[in-house]
Amino acid sequence: MAYRKRGARREANVNNNNRMQEKDNEKQDQNNKIQLSDKVLSKKEEVITDNQEEIKIADEVKKSTKEESKQLLEVLKTKEEHQKEIQYEILQKTIPTFEPKESILKKLEDIKPEQAKKQTKLFRIFEPRQLPIYRANGEKELRNRWYWKLKKDTLPDGDYDVREYFLNLYDQVLTEMPDYLLLKDMAVENKNSRDAGKVVDSETASICDAIFQDEETEGAVRRFIAEMRQRVQADRNVVNYPSILHPIDYAFNEYFLQHQLVEPLNNDIIFNYIPERIRNDVNYILNMDRNLPSTARYIRPNLLQDRLNLHDNFESLWDTITTSNYILARSVVPDLKELVSTEAQIQKMSQDLQLEALTIQSETQFLTGINSQAANDCFKTLIAAMLSQRTMSLDFVTTNYMSLISGMWLLTVVPNDMFIRESLVACQLAIVNTIVYPAFGMQRMHYRNGDPQTPFQIAEQQTQNFQVANWLHFVNNNQFRQVVIDGVLNQVLNDNIRNGHVINQLMEALMQLSRQQFPTMPVDYKRSIQRGILLLSNRLGQLVDLTRLLAYNYETLMACITMNMQHVQTLTTEKLQLTSVTSLCMLIGNATVIPSPQTLFHYYNVNVNFHSNYNERINDAVAIITAANRLNLYQKKMKAIVEDFLKRLHIFDVARVPDDQMYRLRDRLRLLPVEVRRLDIFNLILMNMDQIERASDKIAQGVIIAYRDMQLERDEMYGYVNIARNLDGFQQINLEELMRTGDYAQITNMLLNNQPVALVGALPFITDSSVISLIAKLDATVFAQIVKLRKVDTLKPILYKINSDSNDFYLVANYDWVPTSTTKVYKQVPQQFDFRSSMHMLTSNLTFTVYSDLLAFVSADTVEPINAVAFDNMRIMNEL
C-alpha cells in the first residue's frame, strides 16, 4: 500500500521487512501524480505474516554470537511447534463468479451515465421505395409506385422465428431509445427549399429529393416541399421541424420526444444531490460559484432500492458485488500519515519488555511483523470491509500474546458479524484460554465445535470479575445498528465506539487481568502477559484516537453509498493478520486523516453510476422477459436474457455463475413490474407487427394448397403470379400448430374432397428479377416454348418454397400466356407511400444543455485535519 512515513531511520543492518518498505519509499515520488485509485492498487498487496519474522530472526542468527544463535534457534523451534499445535480451519469456499483483479476498479469507474449519443437521425424501421407497375399482360409500365418497405429486411421465416425477430427488434429499440432528443442537432438543409429551410434529418431530406425528382409527383407536392422549413418559437424555446415518416415510425419518435428523461437543473438540485451528511459535516467547506442558465438540464439517476435482493440466496453474485465494492472502497480510504517510526517504536517496546538479549521466547514475538505498511493496510482493510460488508477472517499465532491483546481491541471496535464465525470462535477461544482464564486460575475452556454460543459468551457467564465480564458483554452485543438515512439502509457503529469511550472499558478489563495472579501458570507466563498489556495500555490515548478516526472515516465514506448495506456473510473472506492489527495499534501517530472532498465526490459518483446502471439493466431485462412471454416464445432461453443482463453490469464473469442462481435470478426478474416507457414501446410494436411483416420482401404470410390447378392472377407489383392477396373462402390452418402436432390428416382429407386449404404462417418469399440468370441455373428445355415465343426481358419469375422438404417452384408470367398452379403464396400488400399522410411536424426544445457531472459545479475544501471534529463536536484525535 502507498503510505507516507516521516522520521524513519534506515540502519545498515536491514531486514526483509525494511527492504520492502524501502522499495515503497523509492516508488513514492513516482506515485504522487497518479490518481487515487491507481495509487491504491499500484502493486500487489503484501500481507505481513509471522513467517516474515522467521526470516528476520534467521538473518539475525547469522550475525549474532554463538550463544545468542542457540537461544534464537530455540525460539524458532518453539514457534514452529506452536504453529503446528493449534490450527483452526477457516471456512473457505471457492467462488466461481469473480477473480479479484485490479481491472475491476477500472470497470466500475468506467460505468458512466448513459450519454444520449448525439442523435443524427430519427429512429426508423421503414423507408419509401419505388416499385414498377405491371400491366394486365405482364409487361412493365413506365410508371412507378411508392411503397413503404423495411430499411433493414432481416425477417426470417417460421412463425416462431418471426416472433423472436420482434423480440430482438424490441431489444434494439430499448438500446436506441434516447434519454432526450434535440432535433436541432440532427436538422439538415432542405435542398429544394426556397428560403434555405431545414428538415428534421438527412433521411427526410433524401426522401424529399427523390420525390421532387420523380416525374409523376404532383405539382402541389413539389410546391409543398419547396415550402418545407423549420418553425421557431424563440420565446417558448421551441422549434418545429417537418419530417417524412411512416406512421409507426412517427409514433415511436413522437413518444421519445414526449417522454424525455431530462429535467430542469438549478442550484438547489445540485445542493440536494450532495449527500446530506457531507453537507452538514463541519469539516467540509462546500461552495457553488456558478449560476446555471435556464436551459440547464440533467438526467435524474435511477436509484430504486433492493428490487432483486441479491444478498438473499445469491451467494456467488453477492460475493462478486461485495468484492468489487471492497476494491472500490479500499481505493478511497485515506492513507495514514506520520506514523510512529517503526524502528523507534520497536526499540521502545524492547526497553519496556527489557529484552536486552531477546531471551524470553514468547516476548520476542511481540515485535513480529510491526511495520507501517502493515498498519496502513490494516486501517484500509477494516474500513473497506465494513463499507462493502465483506466478511473478514483472522490469521494469528496463539503464542504471540501481543497479537491476541491487539485482537481484543479489534473485537471491541469491529462488530462480530464482520468476521466469519469459525475465525471469530478461534480468535476468542485463543484469547480466553491464553489470557482471561489463566489470569483467574480457571480451567482451560474445551469448546465444542458447533456450539451456538461463542467462547466470549460462555466466558461472560463464568467470569466473576465485573470489569472483565462487562467488557465481554459489550463485545458479545457489539452489532451494527441498521438505520435508514436518505432512503438508504446504513450499518451504523455503536455510539461508544464512535466516541472512543469503549477503549476505557477495554483498558479497565486489561488492567484487571494484568493484576491477577495467574495461579496455575509460571511466573514468566504471567510477566509476558502483563508486559503485553502494558505495551497496549501505554498507548491508551492513541487507541482512543484511532478508534474515533476509524469510525469517522467509515461513516463519512458511508454517506456516499447509495445501495442498501445488507449484512450477509460472504462466500470468500478478506484475510486480516493480527500482527498487522498490532502494527496499527503501536504505530498510529497523532496526524488526523480524512477523505478529501474530491475523493468523496469520486466515490459517490461511481456508486451512483453503478446503482443507476444496475436499475436500468433490471428494467431492460424485466421488459424483455415480459415481451418474450407475451409473444409466446415458449422455447426462448430465459437464461440467455439473464446472462445478457449480468454482462451489462460489467463486473460479473458470467460464464462462471452457477445455473441455479441464474434461474433464481430469472424468477426474481419475472416478479417485477415493467417500467412504463418500456411497456408503451412494446405495445407499439405489438400493435404493428402485421404492418412490419407486410413491408418485408423476404416472407409471405401463408400458402394455399389445392388438389386441382388454380389460375394465376395478375398482380400490379409482380405481373401474372401465384400470389393471393386475401384468404376469403379458404379454411385456414396454422402452420406452426401443424408442425408442432405433426397431424396432417386434416389437410389430406380436405384435398381429397377437392377443397383448397390455406396454411397460415411465415414462409420464405423470394423474387429474382434476372430471368437470364434464372434460365442459366435450370434446364433450358423447361422454358423452351416460352423463350421461343416471348421476349425474355418481360418475364417475371418468382421462387418460393413451402418448407425445407419441398421442391423450389419457379413461376413465370408474361404477355397473354396464363399458367396455372396447385399452390398460391399468400402475401399481404405493403402500405403505399402517401406524401400527405407521411408528412409530420416534430417538436422539441430549441436548445438546452445536459450536465452529467453535477458535482463539478461544487468547489470543496476541508478544514485543517488537526482541527477536524467528530459527531460529538470534539476533535477526532485529541492526543497531541
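Glycine is treated like the rest: Cβ placed from N, Cα and C.
If you look up Swiss-Prot, you'll see 1-80 marked as region '5-fold hub'.
Marked as region 'Disordered' by Swiss-Prot: 1-38.
Swiss-Prot lists 20-30 with the feature compositional bias 'Basic and acidic residues'.
The annotation site 'Interaction with the intermediate capsid protein VP6' is assigned in Swiss-Prot to A220 (among others). A helical conformation is recorded for A220 (site 'Interaction with the intermediate capsid protein VP6') in the three-state DSSP classification. Taking the Cβ of A220 (site 'Interaction with the intermediate capsid protein VP6') as centre and 10 Å as the limit, one finds 10 other Cβ atoms among all the protein chains shown.
Taken from Swiss-Prot, the feature site 'Interaction with the intermediate capsid protein VP6' applies to F224 (among others). F224 (site 'Interaction with the intermediate capsid protein VP6') counts 16 other C-beta atoms within 10 Å of its own C-beta, drawing on all protein chains shown.
Counting every protein chain shown, the Cβ of M228 (site 'Interaction with the intermediate capsid protein VP6') has 22 other Cβ atoms within 10 Å. Annotated site 'Interaction with the intermediate capsid protein VP6' per Swiss-Prot: M228 (among others), in sequence order.
Annotation comment: Swiss-Prot describes 394-414 (among others) as region 'Hydrophobic'. Per-residue pLDDT, averaged over the region 'Hydrophobic' (394-414), rounds to 92.
With a threshold of 8 Å between CB atoms, the same-chain residues lying at least 6 positions outside the region 'Hydrophobic' (422-442) that come near it are 86, 88-91, 392-394, 396, 398, 401, 404-405, 407-408, 411, 416, 454-456, 458-459, 462-465, 468, 513, 516-521, 525, 529, 573, 578. According to Swiss-Prot, the region 'Hydrophobic' annotation covers 422-442 (among others), on the basis of sequence analysis.
Residues or ranges marked as site 'Interaction with the intermediate capsid protein VP6' by Swiss-Prot: M839 (among others). Over all protein chains present, the Cβ of M839 (site 'Interaction with the intermediate capsid protein VP6') has 18 other Cβ atoms lying within 10 Å.
Around M841 (site 'Interaction with the intermediate capsid protein VP6'), taking its Cβ as the centre, 11 other Cβ atoms fall within 10 Å, counting all chains. Reduced to three states, the DSSP call for M841 (site 'Interaction with the intermediate capsid protein VP6') is strand. Marked as site 'Interaction with the intermediate capsid protein VP6' by Swiss-Prot on the basis of sequence analysis: M841 (among others).
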I'd like the per-state residue tally for the region 'Hydrophobic' (422-442) from DSSP, helix first, then strand, then coil.
19 helix, 0 strand, 2 coil
Would you kindly give the Cα-Cα distance separating A220 (site 'Interaction with the intermediate capsid protein VP6') and M228 (site 'Interaction with the intermediate capsid protein VP6'), rounded to the nearest Å?
12
Let's see if you can do this one: DSSP helix, strand and coil counts over the region 'Hydrophobic' (394-414), in that order.
13 helix, 2 strand, 6 coil
